[in-house]
Amino acid sequence: MIISAASDYRAAAQRILPPFLFHYMDGGAYSEYTLRRNVEDLSEVALRQRILKNMSDLSLETTLFNEKLSMPVALAPVGLCGMYARRGEVQAAKAADAHGIPFTLSTVSVCPIEEVAPAIKRPMWFQLYVLRDRGFMRNALERAKAAGCSTLVFTVDMPTPGARYRDAHSGMSGPNAAMRRYLQAVTHPQWAWDVGLNGRPHDLGNISAYLGKPTGLEDYIGWLGNNFDPSISWKDLEWIRDFWDGPMVIKGILDPEDARDAVRFGADGIVVSNHGGRQLDGVLSSARALPAIADAVKGDIAILADSGIRNGLDVVRMIALGADTVLLGRAFLYALATAGQAGVANLLNLIEKEMKVAMTLTGAKSINEITQDSLVQGLGKELPAALAPMAKGNAA
């Protein structure tokens, strides 16, 4: 299959992966309305073309948390990467490291912190949930510190798991799930050989290290699901802020008031995110939520954004809407599943090239020059009637 654009990786991944894995990464919550709007809303943001601007000295470089980035992109924390490619977290981290951008290791990675961190030169970021088992949280933070992780990404939009109906149909969950997954695996030989046989162990590496025993998909659904904490409040984050002396980013912000709370709390950054449409269906897309949040806290805190970003044009759009940096999730996972480290490396090259074209034709020589002036119009005039009341409720 010819890969000429980032979108080609999705089709390739669907062919290679057993359905339970493809649909787990591809799907969203409930009817997947927000999942669709994330992509569609962002694609509708019109860039303002400018000409004859002498763009010969264009630069994508930026700085975030005193780290130099080759472009305003980081790889998002995505669980179970090691089920999509052989030791997938290591391969993705190496690709990000080679490109000069951060890699974020998920709490529920297959490869543990101690396997990924030594494989790269750049300090990686680490993502953590608020869980009932505070002992696990402290253990994970201590290990992340010891491994030299530079930034903590704290995910707060999962006090309870979202309902992902696709998983029951695909075999990730539901009746006879284990047998269905086995039958799917044996009918996808490329994945079965590369990951199923040669990618072992398929533990939840960070959790296994804490529990002192092997773990697997059932623990992902069981132990982790039972440990999400619906009683979470800002107060529960205070001990973590005291313990972690590096940059701390709050992931899962969709409302300007929550963004202001993050500033008051003392966070170093926020991620405008709806968890890729995987938590609460019907909330605003990140693209629609971002401008009001940027109006509220731009300059007071670093603003990152994810959900719906599929190519370099989308990166430029998110920056113009108010983000300082974006996180890639599904986009890099499709590439990882298709061709491992080489696939992610090629994806990042494609995104960089697309960004350069977009910046050249909008007259932005640097990331700081990508502003609302780079857009034809704001999102407000484009809101469907059904979303207008929601947008009003989210206005600063």
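Indices start at 1 and increase along the chain as displayed.
Placed from the backbone N, Cα and C atoms, the Cβ positions cover glycine too.
All protein chains considered, the CB of HIS275 (active site, proton acceptor) has 24 other CB atoms within 10 Å. Look at Swiss-Prot and you will find HIS275 tagged as active site, proton acceptor.
Residue environment of TYR24 (substrate binding site) contains 23 other Cβ atoms, counted within 10 Å of its Cβ in all protein chains. Residues annotated as substrate binding site in Swiss-Prot, with sequence analysis given as evidence: TYR24, TYR129, ARG164, ARG278.
ASP306 (FMN binding site) is surrounded by 27 other CB atoms, counting those within 10 A of its CB over all protein chains shown. Look at ASP306 (FMN binding site): DSSP puts it in coil. Annotation comment: Swiss-Prot describes SER106, GLN127, THR155, LYS251, 306-330 as FMN binding site.
The domain 'FMN hydroxy acid dehydrogenase' annotation in Swiss-Prot covers 1-380 and rests on sequence analysis.
Of the recorded residues, ARG164 (substrate binding site) and ASP314 (FMN binding site) place their C-alpha atoms 25 Å from one another.
Mean pLDDT for the domain 'FMN hydroxy acid dehydrogenase' (1-380) in this predicted model: 96. Long-range Cβ contacts of ARG330 (FMN binding site) within its own chain (separation 6+, distance under 8 Å): ARG10, MET25, ASP26, VAL78, GLY276, ARG310.
Taking all protein chains in view, 26 other C-beta atoms sit within 10 angstroms of the C-beta of ASP314 (FMN binding site).
Cα-Cα distance from HIS275 (active site, proton acceptor) to TYR24 (substrate binding site): 13 Å (rounded to the nearest whole number). A distance of 9 Å separates the Cα atom of SER106 (FMN binding site) from that of TYR129 (substrate binding site).
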